[in-house]
Amino acid sequence: MFDLKQTLLLISELMHLFLLRLQNTSVMDPQTADRSPKITLIKVSNGPLTGSRKRPSEGNYEKEKDVCIQLFDQWSEADQVEFVEHLISRMCHYQHGHINSYLKPMLQRDFITALPAQGLDHIAENILSFLDARSLCSAELVCKEWQRVISEGMLWKKLIERMVRTDPLWKGLSERHQWEKYLFKNRTTEVPPNSYYRSLYPKIIQDIETIEANWRCGRHNLQRIQCRSENSKGVYCLQYDDEKIISGLRDNSIKIWDKQTLECLKILTGHTGSVLCLQYDERVIVTGSSDSTVRVWDVNSGEVLNTLIHHNEAVLHLRFCNGLMVTCSKDRSIAVWDMASPTDISLRRVLVGHRAAVNVVDFDDKYIVSASGDRTIKVWSTSTCEFVRTLNGHKRGIACLQYRDRLVVSGSSDNTIRLWDIECGACLRVLEGHEELVRCIRFDNKRIVSGAYDGKIKVWDLQAALDPRAPASTLCLRTLVEHSGRVFRLQFDEFQIISSSHDDTILIWDFLNVSTNGQTEGRSPSRTYTYISR
């Protein structure tokens, strides 16, 4: 085996050959030519042809090497690389091994340690900030310098902040556990040390795993609001945030509840028929009623700001966003409105085409989607209000629908739920399990939650439902049974479901703050009741 010095000697000899060729093309001194070494070619096993000659004296070798280096330095980088590649291609595999051993430490440098030495700590921190939790744990064990960069760069804090920005579950936990006050602060403000965030991360992971297990197993804490309607009983619609729940009732009223205490804060009256649908934002509440009107209320004062009279029969559903509102009615029509302000709302277009009551609408910047008792879902262009396509498949009227991105999920009085690709109109999956009309449905990135006239709420695995290979028996994760009447409306997030029913109650199913009670046969497991009557 050649050692490294022998390999370098061989390279210099090949360079000498190259010089000889250069000299052969020019006028040469006869005496110099006579002293040229005699070269013979030998074949090395498993390698290319290599030159073999008697080693020149040290003096000649040094001179020849210096000449080669001078010529090499005069070439461009591309020519240098090409020349070295040519030399390497003429070597044997064991010579390649020697060169690899020589180059390896040059190529595998600890740049994380080297950067701070050059005053570039921020670059080292930025590089390591892209690591996930497992890789960050490993990086801490590399050496003390890496551990110092991670600690002083507060990289565990940055990792948690990145998760909070991109994952709704992390964001919700940060708000509920109040450790968001330690996030998104610069280094000049007083923040805990890196060790605080290092220990916080596994606690968050444990919380997330517990919440996911609670959803799968149906473990929840249950709170119940008894609405105590005076005349007609039933809660037709609701929406909630962290502070309040706003509900529309069969007795024509709108009730606003404190989310924490479950106390009724305010009752809005004005409709002369049942409040069938509602939506609110930070400024207004918009409601639709069986009295055929749409009313706009100030969300803080409860004052009526506007009343829209257009539909000839009950307003069954409405949605508004970014200055656009869409309403639908038992009169079979869909109305598209421009909302310049709460008091300046004008009718843009009326969409007709359904042959029965239009029960639900949803929209985004691309499509308006409507579903009807005529068993069809129709798709319209949001910008032009022109008809695009019809989705056919349900065997009876469609009662509920949600649309987001390319996915439409609908529920019908044929007791099924269907998933659709809105772009091609294909039905992707049929979910079966409810025993009566599916009245309300919502989905997020993980789950579909449905409520039906059978009084049951079902939680479905969305990703499995979108996988055609998944068996139908694996799709329904849990059935929740607490309502004693038809489920009219529900909304959910990562931590809870809030539902309303014909039984005049609003139920809050909390999957975050769960007691340790055991399961009860035939009912939803792990329930703790809070009864509020107002």
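Even glycines carry a Cβ here, placed using N, Cα and C.
Feature annotation from Swiss-Prot assigns region 'Homodimerization domain D' to 59-108.
Swiss-Prot lists 121-159 with the feature domain 'F-box', giving sequence analysis as the kind of evidence. Taking Cβ pairs closer than 8 Å, the domain 'F-box' (121-159) reaches residues 110-113, 115, 182-183, 187, 191, 193-195, 197-198, 200-201, 205 in its own chain, all 6 or more past its ends.
Sequence annotations record features per position, and here Swiss-Prot assigns repeat 'WD 1' to 228-267 based on sequence analysis. Residues in the repeat 'WD 1' (228-267) partition by DSSP class (helix H, G, I; strand E, B; coil) as 0 helix, 21 strand, 19 coil.
Sequence-distant contacts of the repeat 'WD 2' (268-307) (same chain, six or more residues past either end, CB-CB distance under 8 Å): 232, 234, 236-239, 246, 248-256, 313-320, 325, 327, 329, 342-343, 345. Per Swiss-Prot, the feature repeat 'WD 2' maps to 268-307.
Taken from Swiss-Prot, the feature repeat 'WD 3' covers 308-347. Taken as a whole, the repeat 'WD 3' (308-347) shows an average pLDDT of 98 in this prediction.
For 351-390, the entry in Swiss-Prot reads repeat 'WD 4', with the evidence type sequence analysis. Remote same-chain partners of the repeat 'WD 4' (351-390), defined as residues 6 or more beyond its termini with a Cβ less than 8 Å from a stretch Cβ, comprise 313, 316-319, 321, 324, 326-336, 396-404, 408, 410, 412, 420, 422, 425.
What Swiss-Prot lists as repeat 'WD 5' is 391-430. Under 8 Å from some Cβ of the repeat 'WD 5' (391-430) lie the Cβ atoms of residues 356, 359-364, 367, 369, 371-379, 436-443, 448, 450, 452, 460, 465-466, 468, 475, all in the same chain and six or more residues away from its ends.
Listed by sequence, the residues of this chain that lie at least six past the ends of the repeat 'WD 6' (431-463) yet keep a Cβ under 8 A from its Cβ atoms are 168, 215, 218, 399-402, 404, 407, 409-413, 415-419, 470, 472, 474-481, 483-494, 497, 499, 501, 509. For 431-463, the entry in Swiss-Prot reads repeat 'WD 6', with the evidence type sequence analysis.
The repeat 'WD 7' annotation in Swiss-Prot covers 480-510. Residues of the repeat 'WD 7' (480-510) grouped by DSSP class, helix first, strand second and coil last, total 0 helix, 20 strand, 11 coil.
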